[in-house]
């Protein structure tokens, strides 16, 4: 997004709850980074929040992302991360040094969410692997049975899959991606 300015719009059917949730997620990003969300005027590229049993965040001219409503605020923050250009932390080319993936515990169809990038799409901008990233799945995400672990951190005691908000690493990567020049607050 040029200069970190991101136009957005709401579909007519999103409702007040969906709007409030989307606005809280956008404010979370804006209060910690130099990104600025503003209502769409005539821009060709924009994020659209839709409601059809889900809030669907559509970055026009690319793919869409869905978050069920009601859902935690952190899930919308995560999906906005995709909209601004982030991939899953566990998609990094170096991820095998940090997590083990157990495909035997993965439900059918979940494989695409655990693909490791070859470095073509995912650019971590030289930053360390971030177990605390809002863009990291939990160890149970995509599992095929209750409590079946799909992804296990190699670092002892590392927690993954938090949805409380942006990590310091998420903020640093946003700074680098959008050239924020220190206009941000680390948690």
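Backbone N, Cα and C atoms are what each Cβ position is placed from, and that goes for glycine too.
Because TrEMBL annotations are produced automatically, they should be read as predictions rather than curated entries.
Following the DSSP three-state reduction, the secondary structure of residue 79 (active site) is helix. The active site annotation in TrEMBL covers 79.
A sphere of 10 angstroms centred on the C-beta of residue 88 (Zn(2+) binding site) encloses 21 other C-beta atoms. Classification of residue 88 (Zn(2+) binding site) by DSSP places it in coil, neither helical nor stranded. The annotation Zn(2+) binding site is assigned in TrEMBL to 78, 82, 88.
Taken from TrEMBL, the feature domain 'Peptidase M12A' applies to 1-181.
Cα of residue 79 (active site) to Cα of residue 88 (Zn(2+) binding site): a distance of 10 Å. Residue 79 (active site) is surrounded by 22 other CB atoms, counting those within 10 A of its CB over all protein chains shown.
Neighbour counts were taken as the number of other C-beta atoms within 10 angstroms of each residue's C-beta; across the binding-site residues 78, 82, the minimum falls on 82.
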